[in-house]
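A.B. asks: Mind looking over this structure? Questions follow.
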Amino acid sequence: MSLEHVLSMIEEHKVRYIDLRFTDTRGKEQHLTIPAHQVNDDFFEEGKMFDGSSIGGWKGINESDMVLMPDASTAMLDPFFQDPTLIIRCDVLEPGTMQGYDRDPRSISKRAEDYLKSSGIADTVLFGPEPEFFLFDDIRFKNDISGASYAINDIEAAWNTNTKYEDGNKGHRPMVKGGYFPLPPVDSSQDIRSTMCNIMEEMGLVVEAHHHEVATAGQNEVATRFNTMTKKADETQIYKYVVQNVAHVFGKTATFMPKPLVGDNGSGMHCHMSLSKNGTNLFAGDKYGGLSEMALYYIGGIIKHARALNAFTNPTTNSYKRLVPGFEAPVMLAYSARNRSASIRIPVVASMKARRIEVRFPDPLANPYLAFAAQLMAGLDGITNKIHPGDAMDKNLYDLPPEEAKEIPTVAGSLEEALNALDADREFLTHGGVFTNDSIDAYLALLRTDVQRVRMAPHPLEFEMYYSA
């Protein structure tokens with residue numbers, strides 16, 4: 001998409017504002033809105049200056065100036081703003097060099113794609129993430145010196161079977177772990193998801209399906225088609241934006257927290273991926289599960305670096321409340337065809353062109369640019385160093401006896417473990433200057449503040465366990 005096309009969109013749709021969007025280190029989209037009349041030739045060459053010191057984990061106040069460089073190919077109409085507004089995604093550049101800022105997630109993703117091409121291994125990596133989310137009616141939480149609490153409510157929640165409502169309790173709701181695929185009225189989110197799909201398609205995503213997920217209280221998923229890595233990361237941000245805003249329009253509140261409910265399934269973001277060169281799928285072959293030797297080496301790299309990857313794919317303290325056995329959480333670092341208890345699955349496909357792997361431990365609070373790039377770099381390290389993943393595990397890993405289970409490596413058990421693993425195992429990420437030691441150090445420092453904050457806060461459960469001891 002060219003400047004001319006952007007200008008024609010502005011004229012055709014009587015656009016009044018341009019919303020410049022970028023993603024911070026934690027994966028949250030930020031934005032800056034400017035009048036549409038500021039868009040001209042210079043705008044796409046010079047960008048828009050902004051204060052980078054206001055973004056956590058980025059610049060200090062003494063060197064705060066940074067450049068938002070709009071990517072004209074990402075222009076699309078915003079479906080929610082009152083005034084006609086055009087969204088344009090931006091890379092964050094250093095003003096002195098006009099090169100991608102080494103801590104900018106989107107620039108890191110683009111450098112990873114460039115590194116893939118320069119390696120000669122492949123020219124394209126495809127990603128297909130599957131973010132899950134909850135829709136609640138009401139969420140309240142409190143954290144201050146006087147105490148801490150949270151409360152979740154939703155008309156669909158299993159705990160509301162005996163709740164009195166003004167117009168009566170209709171009784172149709174999914175029980176704990178009983179939400180997968182029921183028809184309405186048990187599935188109360190059908191129309192909300194359909195609206196999400198309509199808007200996602202208007203914004204360029206290709207929707208493949210939508211459905212209720214396993215958990216009670218409104219766990220849902222919209223499945224969208226794969227794309228190249230940075231484009232799919234852009235689409236993941238669009239996906240989250242649409243989910244949260246459509247929920248708001250319907251009087252609901254959406255969360256991508258991995259584990260908001262105790263005792264029911266959490267939300268994951270399984271990541272499907274494959275490599276290709278000159279249009280040929282390099283993961284298709286005659287090895288286990290129809291994979292190529294290259295694909296097996298890629299899996300070997302993911303398994304070898306999994307705990308370091310967890311720092312990007314599972315970047316919150318809440319992430320590790322999902323990654324526990326017994327809740328369809330893939331904690332064991334093994335691979336298998338079809339077996340959903342393994343952390344890496346080889347899906348059944350209709351043709352060899354669709355051959356791919358599915359990494360199942362990521363969750364939807366991952367920054368998609370960083371999580372996708374880190375997984376690619378781990379896989380490429382596996383290919384370069386011919387890291388074989390060993391034998392596949394086709395048995396149900398959730399039911400293994402303890403003596404067998406302890407022989408299988410697992411993902412990190414906490415955010416602190418994951419951050420320490422990344423600190424010790426980072427070299428594979430720095431190949432080709434994709435990640436820098438500076439960007440990794442800044443990431444570690446930012447997320448360690450989360451670990452420390454949670455560590456220092458008394459938990460309500462501790463009062464139940466210890467108050468009268």
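Placed from the backbone N, Cα and C atoms, the Cβ positions cover glycine too.
Per Swiss-Prot, the features are:
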{"type": "BINDING", "residues": "E130, H270, E358", "note": "Mg(2+) 1 binding site"}
{"type": "BINDING", "residues": "E132, E213, E221", "note": "Mg(2+) 2 binding site"}
{"type": "BINDING", "residues": "E208, H272, M273, S274, R340, R345, K353", "note": "ATP binding site"}
{"type": "BINDING", "residues": "N265, G266, R322, E328, R340, R360", "note": "L-glutamate binding site"}
{"type": "DOMAIN", "residues": "13-97", "note": "domain 'GS beta-grasp'"}
{"type": "DOMAIN", "residues": "105-469", "note": "domain 'GS catalytic'"}
{"type": "MOD_RES", "residues": "Y398", "note": "O-AMP-tyrosine"}
A.B. asks: According to DSSP, which kind of secondary structure is G266 (L-glutamate binding site) found in, if we only use helix, strand and coil?
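C.D. replies: The three-state answer is coil.
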A.B. asks: Which whole number of Å gives the largest C-alpha distance between any two of E208, H272, M273, S274, R340, R345, K353, the residues noted as binding ATP?
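C.D. replies: Greatest Cα separation within the listed binding residues comes to 22 Å.
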A.B. asks: Across all chains shown, how many C-beta atoms besides its own are within 10 angstroms of the C-beta of K353 (ATP binding site)?
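C.D. replies: If we count other Cβ atoms within 10 Å of K353 (ATP binding site), we arrive at 13.
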A.B. asks: Centre the Cβ atoms of E132, E213, E221, go out 8 Å, and tell me which other residues of that chain have a Cβ in range of the Mg(2+) 2 site.
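C.D. replies: Sorted by sequence, the hits are E130, P131, F133, H211, H212, V214, Q219, N220, S267, G268.
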A.B. asks: What are the non-local neighbours of R345 (ATP binding site), defined as same-chain residues 6+ apart in sequence with CB under 8 A from its CB?
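C.D. replies: When sequence neighbours closer than 6 are ignored, R345 (ATP binding site) has Y335, S336, A337, R338, N339, I357, E358, R360 within Cβ distance under 8 Å.
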A.B. asks: To the nearest whole angstrom, what is the C-alpha distance linking E213 (Mg(2+) 2 binding site) and E130 (Mg(2+) 1 binding site)?
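C.D. replies: The Cα atom of E213 (Mg(2+) 2 binding site) is 12 Å away from the Cα atom of E130 (Mg(2+) 1 binding site).
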A.B. asks: In sequence order, which residues at least six apart in the same chain have a CB under 8 Å from the CB of E221 (Mg(2+) 2 binding site)?
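C.D. replies: Those within reach of E221 (Mg(2+) 2 binding site), by Cβ under 8 Å and sequence separation of 6 or more, are E130, P131, E132, F133, H210, H211, E213.
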A.B. asks: Of E208, R322, R340, K353, Y398, which is closest to H270 (Mg(2+) 1 binding site) if I measure between C-alpha atoms? They're all recorded positions.
C.D. replies: R340
A.B. asks: Compute the mean position of the Cβ atoms of E130, H270, E358, which form the recorded Mg(2+) 1 site, and then list in sequence order the other residues of that chain whose Cβ is within 8 Å of it.
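C.D. replies: What remains near the Cβ centre is G128, P129, G268, M269, C271, H272, R345, V359, R360.
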A.B. asks: Tally every other Cβ atom lying within 10 Å of the Cβ atom of S274 (ATP binding site).
C.D. replies: 23
